[in-house]
Amino acid sequence: MPVTSFSTKEKYRYQNGFDSHLESEAVEGSLPIGMNSPQKPPYGLYAEKLSGTAFTAPRHENKQTWLYRILPSCAHPPYGPATTGVNPDGVNQWGKDEKLHYIPNQLRWDPFDHDSSKHLDFVTGLRLVAGAGDPVLKQGIGMFVFAAGKSMEKTSSFYSADGDLLIVAQEGDLDIRTEFGWILVRPMEICVIPRGVKYQVFLPSGPARGYALELYQGHFVLPELGPIGSNGLANARDFQSPVACFDEDCGSLASEGSVQHTVTVKFNNALFDTKQAHTPFDIVAWHGNYYPYKYDLGRFNTIGTISYDHPDPSIFTVLSAPSPVAGTAVADFVIFPPRWLVAEDTFRPPYYHRNTMSEFMGLIQGGYDAKRGGSGGFVPGGASLHNVMSGHGPDAESNEGAREAQLPPAKVGAGSCAFMFESCLMMGVTEWGLSTCKKVQEGYSEESWGGVKTHWARPADKQVRSHLV
């Protein structure tokens, strides 16, 4: 079956579907029937609406969910600048007020390891590597890596007012509790946490590492299939969303609970927090189309040529965040999974390329057919960035191998999966990403392409045509 064989067994129930109107109740009868905001919601719950778009967004784009919870989200003391877990080790982890470095050089990073991350949880372990735009204007994206050595505290939670967060698990399981319910995210799974949704991340299998993309504008959609037809790539039925699960940790008044819960918010790339006397995980029921979800990359239905030539990598798009320009994405999430190559008389690896889009790549597991692995190569947990119009392609060794290869049908990428965050925006690199992390492979460009051979030989029996009239 086209699913990933996970080392950790699934332990939660889910609802299936992408951009569907779903509903879930942890206690039977807690969802109102036929209306959203009754005078007295069932069982003494509060009705609260979570809007992911403007009220008047077109119906096919409108994102909203009705929540039925024990206490409303507004019942908390004022937020103040966060005092704990901020800028660990002196790192400006969100790039707040930092001037990004816009450079045309190709960049590649060694794996972002756990050695210095044992004291960090998921939130404090996030590091902005590159980005563009401004969350204040709800424009642009941020590209992150994370390495965490411990779970978040059980009385802490986090949400981002800046955008939707797409998480790519690379090493270690993420047991994520959201307001909507629980999601288990394992390597070879991705998860999207929408803007405003509170969550906490536990590490049941030990230290964890991965990548993330924060989308400041719009929301992810499935790419159009065009002539592919009605099925293919990431199918809607394979996306999974949580079922309602709640705590009852509260007092008779919102301010009278016995346990203090710290809620931290990322707001314009700065952290604020408050302490409230009730749990934020008190949603008994919900219905709507704005919710967290996950997807097993092993279920991706890969499309490719069965005759000749090398199709564009857009055929590997899992999720897309459209820009106002038709067919152009603020962010595409693309994967390079195991697949058959059968093209005849064709250079089979990805072609040499200069792109108006920027390309940030990471490796979840295994290897990548256009780059060598090993020390100083493209390896799991590492990354690369080929910015707007920066040339890239197979390294010299991969090129020579592909030029001379026999071309029987061949399966590539067994046990491997690389991915790409592609964007129409020019990416600026943070000081941490360029210098502080000490992971940049200084010889990347020379080692990859300095040894590319010149195969050109002017044919002796041909004349060079003049360009003059």
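Just so you know, glycine gets a Cβ as well, placed from its N, Cα and C.
Among HIS310, HIS353, only HIS353 appears in TrEMBL as part of the Fe cation site alongside GLU359, HIS392. Cα-Cα distance from HIS310 (active site, proton acceptor) to TYR368 (homogentisate binding site): 16 Å (rounded to the nearest whole number). Annotation for HIS392 (Fe cation binding site): spatial neighbours GLN106, TYR352, HIS353, ARG354, GLU359, HIS386, criterion Cβ-Cβ under 8 Å with sequence separation of six or more. Look at HIS310 (active site, proton acceptor): DSSP puts it in coil. Of all Cβ atoms in the protein chains displayed, 22 besides its own lie within 10 Å of the Cβ of GLU359 (Fe cation binding site). Listed in sequence order, the residues of the same chain lying 6 or more apart from TYR368 (homogentisate binding site) and placing their CB within less than 8 Å of its CB are PHE336, MET361, PHE378, GLY413, SER416, ALA418. HIS310 (active site, proton acceptor): 15 other CB atoms within 10 A of its CB, across all protein chains.
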